[in-house]
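Right, one structure below, let's go through it.
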Amino acid sequence: MSIWELLLAFVVVVLMLVALLANVLVLMCFLHSADIRKQVPGLFILNLTFCNLLMAVSSMPLTLAGIIYKSQPGGDQVCHAVGFLETFLTTNSMLSMAALSIDRWIAVVFPLSYHSKMRYRDAALILSYTWLHSASFPIVAASLSWVGFHHLYASCTLYNKRPEDRTQFVIFTGVFHALSFLLSLVVLCFTYLKVLKVARFHCKRIDVITMQTLVLLVDIHPSVRERCLEEQRRRRQRATKKISTFIGTFILCFAPYVITRLVELSSVVHINSHWGIISKCLAYSKAVSDPFVYSLLRHQYKKTWKDIINKILKRSSINSSALAGESRSRDLPQLNE
């Protein structure tokens, strides 16, 4: 193995371990907190978490084996199953992010009617559509034998080995990425830009009230005035940073891989195998970033996993004190003797 291949293998191992740890932590928070389970977005986050976990235990290990052995890991049936699952999970993850953006759009733009427009039944219907949408493309690909080991990405994925099917495969790949990556990106941009517009409007209203208050409070200390103005600047930047993170991570992780898949269809451009694996690793990195972007960095999830840690530490301290008490009680008879 070359130094590049060793480095890429190391990156895949790190992505796999971090994705497993972070998504398991999100799942633990979901199971531990009744408040999180009551919220409608929790269904979308749960679905996204399961997709990321399955990706970490199915596609990533086979890609690691493909990088190390430079050949198809396992038999054809295993590779076909993993390729089917990888296509399904990637599409499902993209559509789950789009569903989360729709939920935020309704909650911010239509706050008074949110509970009537986004109920558990509505969320279940949206998830049902994402599953049907995500399953349709790998089913077609598997029926036409367009799933296999692709050396460019060192993974089991969509792949056409028959030259006579090239035109049909090009059309299929274009439609697939248009209705998965592009559709999700359009939904993300539309919904989050609407949310940003409303957030900026509310920030302006709060800023006007704050400035009027500062003008009326003549005797206010300069440090207090400066803190108020600094809070204004943070408030204006907060929504922009969050929305930039949502859209930016989606583009950064998926766009290189999707563009590479589309460019690959052209026989004119030669793609380096190292870049193909790098683009695949970027797509895998979404399974690492999602738990932090959508869950673990939020206040409710922070509080939940801190409660879990505290509960574990308390149990360990109780067990240790109980063991210490037992040892002391055993030592007392020996001392009396």
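Here the Cβ of each residue, glycine as well, is placed from N, Cα and C on the backbone.
The transmembrane segment annotation in TrEMBL covers 6-31, 43-68, 126-149, 169-195, 243-263. Among the features that TrEMBL reports, domain 'G-protein coupled receptors family 1 profile' is placed at 22-294.
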Of the stretches 126-149, 169-195, 243-263, which racks up the most C-beta pairs under 8 Å with the transmembrane segment (43-68)? 126-149
Using a Cβ cut-off under 8 Å, which residues of the same chain at least 6 positions beyond either end of the transmembrane segment (126-149) come close to it? 43-44, 47, 66, 71-73, 76, 79-80, 83-85, 87-89, 91-92, 95-96, 99, 102, 155-162, 165, 168-169, 172, 176, 179-180
